[in-house]
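Here the structure is laid out as structure tokens; the discussion comes afterwards.
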């Protein structure tokens, strides 16, 4: 025996000695920049005692002489024949060796260098190498946002966590980018991360369209290391409660002869966890693969919720009947889904929420079968392991399910052998079945079925590897269960076939793209290898083993998934105390780690998950493991037909000198091709059939728009006439007429009740709908902070006021343990007893408001509660406030309580409602909300600008008149505000001007919805920054101003990107075609903003390229879709329009040349330069003709000067411009001249006297003068004419700092900043100003000492009583500016400029309050909506559109509202038109202030803007204002309509105002008042007697002629006149007529006798005087009668300059008795007493 073993050993040694020595080279197939690369080197078959030395390094294959990494030496021998080395490509080496220039097929070569290769192996070179894929990807970046969903205009807070390849914190520089829903990059920031955590925020532009935004981050030097997170942007409000639909089974089994009964549960719970009581309305439908929805008729159900739940059953018979109506059978359902929609109306407040179930599939089996872990390669003669995963249709593992396998083994020349095996799945739904494989196998066919009697079936065919190979290696796994971290995995290695002779198996373990371990194991009959699974091997790894047989490697591999467990470190969040908390309470949050770590925290309202898409989930460990596994280079479960295939599939690169793996082409694995069967289900539904007639998406959209109803009456023909695209008009008209005929048939059938509601519901579902909106006014997230935690820490947190469930997230970052995401902690915040209060956005003084707080009692006891409104100044309340109502609130129910309130003071009043329980049950709650109370009438603004020049003696004293507007409301207590500055540059461009917190956008009182208006966020701030940079004056402003300026610019950049098209052009509205003018405007500004916004130069180059496409053959530019129809931005006519546009684009293209820095853009740059030259020729030709108007001449001169056009062209343009200049004193400006349409504007010269205010010029004059100033500065620098033009421009600025509109403001600030840069001086000059006035509070004086280095004057102190003269004295040696702003409310609009523009607003509809103040909702029962299963329920229990209206309006993003009986709904009609002789400068805006307490239905406004027959370009809602944008105002009357809803009852509603104005010339406007519908409850009295009495406390009381109670008093009239209140006037007047003025009544009278006067020195008999009284007061003076009126002087004057008088509680009003009455015996004495008073008071007055 000993001899036999010796022979065998000698034989094997002899065989080994005959094998060829070689060097094996292993590496991951991808090299990552800056990341260690594990490299395996091994000697194979070298003679005993052989030592081999060498080195490995990386190099560029095309530049062999430059290494890309440092060299690493190795020494190998026959005894130590392998080594695992580490290489790295540093960034500096990657650049020096040229790797960053490898744009196509970036490869790097792994090289082993050893003299042994040439000396011992007779190679031609001492180099052996292999090509690897090069990637700049490295490390891990994880991103986190504070919410999964945001409203437009909301702030997004986010974090970036940086880790290296080993999941340890990385301090590096990263680049963060934000993309909007169109995929356009709107923000880019590069930051260094010293703590490995970066936190930042940004604001989503409020004009953003709904969609998914993305934040991505990468290491700045690693372009491929990109990581991202997404969040949803849409308009939403948080749900009050959440609805869930849970099917009884997660599938519906449909096989021939079998159909499951369909059962489901509906659950509704408030966000704070309590069940909802109410009614569920459920509908069913079908969803196909494309998400197309069709509803079943007749399957609707309505049922009560009991304890927040309801059970619904749908029988097989009912369902089949519904299918037959669609001409479908059960066999047609495969692959479709049953759609379920549930609408829940909760009983206490009638609020509605909805839910959908879209994942209920019709299936042929209740299981799915996954064979992806089964290898696609087999080893002949070794067991083949079938690995299957069985899941239920819900996605959860199916345990204990029988799996049957039929394995057919085919071998050449023999009958196929069939093996039938059955095994049940384990607890994780998996099964591992070994199949015996003969050595002669050619093919293995597997048929696998799971479950019974309706199994899931899968088939798999595995071909045997080619025969004649060197043998096979089998890797067998005794335990097929996935190991956990900390387990030891045992594997068996066995060589199969070919009698292989070798001494050792070599094996490697690869994880996360690296070789983490390399070893060898001596060959035995059954060789076992143990692998310890640590954190480095999670979440998966490849085990690769091989040996050599002769000159051929034999290999196999196995992918091992590690059970996803916790993170490497530890982070646990926990809270002390109860499961339930109260709002405002403190809670202790415990943070526990196992090492020093940074812990990032965040808390959000779980209602956000209900409001947003289910796909946007917070960061968790599953996502972390997924990111870690993304570095895995292996593809598939392992194995291969050859060793090279095995290595490649495991992600290895290999070379032994004779054979090698091919270089990898991409990071990802090749994807399997999948096909999806398409179904064409024949849905027999009228509208769907109609839609199906149109093939193109555009035509279908037009058809859908035609089907949609408008909120106003229009015929289909009228609507179609507004559709601009001809190819859209036909389908729109056809579908509109078709839908109208369907509606008519439906009306003719007289459908009513629920069935009619269902018809409309189904019709509404044809329309593309937004997601369901819901309500909230509370913080949606908090606790956004990072804490340093050393193993344990306790934080004390104070919970917000929301009643909801908060979810607290935590993520830790440790230097030793890496990243860990904790399991979130949920905090339920709830009060068993609480109240809910709604308030309107605003009300006006003396309107009447009904508060209806709702009390919720979730206790199991009835509560007697005391409710009151706390007293507050400015509100009339019952009992003066504090008077409580006693209310019984039964257990588990809610009850509303009514309070009437009348506001009497204009202010923001904090209104507090308090509810308290009894002594036995001391519960309570209080809610405080701010009620905004406005003054009556409409706001009117008036501005005056004065130049202060102490060097001119005529301007050293000024008198600012105090004249008041006769329309001003009589008791407004208004002020004049004065602003003084000695530094116009810093005042206009500093922290109080362009760099103020809101930027210039806050300085213009204009909306900002369209593309051009958006630029106001950006352009002026750039001008200000440029001025402050050039003059080095940032230090004169607050320290944070520069950061704020950059932030403003970045916000503006984000906003304008919402209007960008894919070709680089821009449009005024998101739905419009591109505009040449707007695109040029954006190009100019963004080219200047490149440094601040970090935008892509390529994007701006695309914009320049698009502009070139708009140039005509003669050099001019065209605008296929002007931003506005205003004859090219300035009221120009004829030739001026084309010239001005060409000049404007030329200026933009010139500025855009700055972005052409890279060599690749040189050809386009040359085209741009040629285009500019061509345009200059066109401009020069037109200027030479001498026919241009002032605006075209100015912009042409500037364009030619800026682009350095030929001197002869410049000279002509300059002379033409200067010939049009107008000079008055020290002012130079350009106004209306021949050729300009603005001749219609009256000339506005400069002031004739230095003490006169500067007349305010129209926007076009400002813009023209600004272009002229820009030209002068380039043409001759800071000379006299530039001084004069800048002086005129400076004085045209408004009180806030802007000018008239967007364009003139942008250009004026651009010109002034350029001038101020040129004229900047460090010389300090002073200005002394004294202002004095005598007003309501006596004499007031201010002395100011200013200098030209100060930011601003003390304008916050400079307030003077409106109507009082202000005297100004000026001294010093510096010029300055004084601006006066007067803001007051007016009674009517009769003096507005409604000659050119006209607007009319009418309101129809009335309010019906059907709910009594003491009505309650016992046990949340909803008796008006009986359950379907109630046998006593009437057939049609629902008002026809009650459910539908709630659903439709909420579908359109409306806030929840109570049911229709509680709503106050009106219909608005807004009509506009203009004088046909007057042209507009373009876009017009109708600003409609809604009646108090109302908000417009967004659904109606969206229909006006979003359909093909667009009526309004855009709309905005700001508080009580609705802004409607019109492209133009027609000469004939055009009307639009929408509905508005008043959620909180308001009585005695006062008229509101509406204004139509020209956006580019806001002075051209028309303003009107409109009122509530007559005979409407809106005009009714809501207050209780006591509150009414309080509200009327300031009203005058009419003394009836000869009242008996007063006759007994001696001298009662004289006491009133002379003692208290001591009147200031006394007249006997005759009333001529009564007139309504906003919230007042005006009585026009004629004086018959003057008894007394103070201020009214011109009062005399037969003169006219006006008396005013509030419309809310009862006083009515009858025309034709005479009255004795005494009282206090008024603050306002009529049109003749005579005082007007307000009648109030300090007024005496007494009707004069007739002569006939005085002749009666009974009244003779009283009349004598009255006549005595008139005689005595009229002649002697008061004797005190």
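Glycine is treated like the rest: Cβ placed from N, Cα and C.
Around the Cβ of residue 97 (disulfide bond), 23 further Cβ atoms fall within 10 Å across all displayed protein chains. Taken residue by residue with DSSP, residue 97 (disulfide bond) is part of neither helix nor strand, so it is coil. The feature disulfide bond is assigned by Swiss-Prot to 68-97 (among others).
According to Swiss-Prot, the disulfide bond annotation covers 635-669 (among others). Contacts of residue 635 (disulfide bond) defined by a Cβ separation under 8 A and a same-chain sequence distance of 6+ are given as 649, 651, 669, 670, in order along the sequence.
Residues or ranges marked as disulfide bond in Swiss-Prot: 702-728 (among others). Using a 10 Å Cβ-Cβ cutoff, residue 702 (disulfide bond) registers 28 neighbours. Under the three-state DSSP scheme, residue 702 (disulfide bond) falls in the helix class.
The C-beta environment of residue 703 (disulfide bond), restricted to residues of the same chain at least 6 apart in sequence and closer than 8 Å, consists of 690, 691, 693, 694, 731, 732, 734, 735. According to Swiss-Prot, the disulfide bond annotation covers 703-735 (among others).
Annotation comment: Swiss-Prot describes 716-736 (among others) as disulfide bond. Applying an 8 A CB threshold to same-chain residues 6+ apart, the list for residue 716 (disulfide bond) reads 706, 733, 736, 737, 740.
If you look up Swiss-Prot, you'll see 1471-1535 (among others) marked as disulfide bond. In the three-state DSSP reading, residue 1471 (disulfide bond) counts as strand.
DSSP gives residue 1588 (disulfide bond) a helix state. The disulfide bond annotation in Swiss-Prot covers 1583-1588 (among others).
Positions annotated as disulfide bond by Swiss-Prot, on the basis of experimental evidence: 1595-1673 (among others). Taking the Cβ of residue 1595 (disulfide bond) as reference, residues of its chain lying under 8 Å away and at least six apart in sequence are, in sequence order, 1669, 1670, 1672, 1673, 1674, 1675, 1704, 1705.
Annotation comment: Swiss-Prot describes 1618-1742 (among others) as disulfide bond. The DSSP secondary structure for residue 1618 (disulfide bond) is helix.
Per Swiss-Prot, disulfide bond is recorded for 1718-1727 (among others). Long-range Cβ contacts of residue 1718 (disulfide bond) within its own chain (separation 6+, distance under 8 Å): 1724, 1727.
Cβ atoms under 8 Å from those of the domain 'Anaphylatoxin-like' (702-736) belong to residues 687, 690-691, 693-694, 763, 766-768, 1467, 1469, 1497, 1499-1500, 1503-1504, 1507-1511, 1535-1539 of the same chain, restricted to positions at least 6 beyond its ends. Per Swiss-Prot, domain 'Anaphylatoxin-like' is recorded for 702-736.
For 1595-1742, the entry in Swiss-Prot reads domain 'NTR'. Remark: secondary structure over the domain 'NTR' (1595-1742) totals 35 helix, 52 strand, 61 coil, with classes taken from DSSP.
Residues annotated as N-linked glycosylation site in Swiss-Prot: 226 (among others). DSSP classifies residue 226 (N-linked glycosylation site) as coil under the three-state reduction. Residue density at residue 226 (N-linked glycosylation site): 15 other Cβ atoms are found within 10 A of its Cβ, drawing on all protein chains shown.
Annotation comment: Swiss-Prot describes 862 (among others) as N-linked glycosylation site. For residue 862 (N-linked glycosylation site), the same-chain residues 6+ apart in sequence whose C-beta sits under 8 angstroms from its C-beta are 888, 889, 890, 891.
Look at Swiss-Prot and you will find 1244 tagged as O-linked glycosylation site.
Residue 1328 (N-linked glycosylation site) falls within a strand segment according to DSSP. For 1328 (among others), the entry in Swiss-Prot reads N-linked glycosylation site.
When the recorded positions 1328, 1471, 1535 are compared by Cα distance to residue 1618 (disulfide bond), the shortest distance belongs to 1328. Here the candidates are the disulfide-bonded residues 68, 728, 1588, 1742. The one whose C-alpha lies nearest to that of residue 1471 (disulfide bond) is 728. Counting only residues at least six positions away in the same chain, the Cβ atoms of 950, 1343, 1344, 1345, 1346, 1370, 1371, 1372 sit under 8 Å from the Cβ of residue 1328 (N-linked glycosylation site).
When the disulfide-bonded residues 669, 735 are compared by the number of other CB atoms within 10 angstroms of each CB, 669 has the fewest. Summarising the environment of residue 68 (disulfide bond), the number of other Cβ atoms within 10 Å of its Cβ, over all protein chains shown, is 26. The disulfide-bonded residues 736, 1588, 1618, 1673 differ in how many other CB atoms lie within 10 Å of their CB, and the one with the most is 736. Minimal Cβ crowding within 10 Å, among the disulfide-bonded residues 728, 1471, 1535, 1742, is found at 1742. Classification of residue 862 (N-linked glycosylation site) by DSSP places it in coil, neither helical nor stranded. Checked against residue 728 (disulfide bond), the disulfide-bonded residues 97, 1535, 1742 differ in C-alpha distance, with 1535 being the nearest. The DSSP secondary structure for residue 1535 (disulfide bond) is strand. In the three-state DSSP reading, residue 669 (disulfide bond) counts as coil.
Per-residue confidence over the domain 'Anaphylatoxin-like' (702-736) averages out at a pLDDT of 84. According to its DSSP assignment, residue 635 (disulfide bond) is coil.
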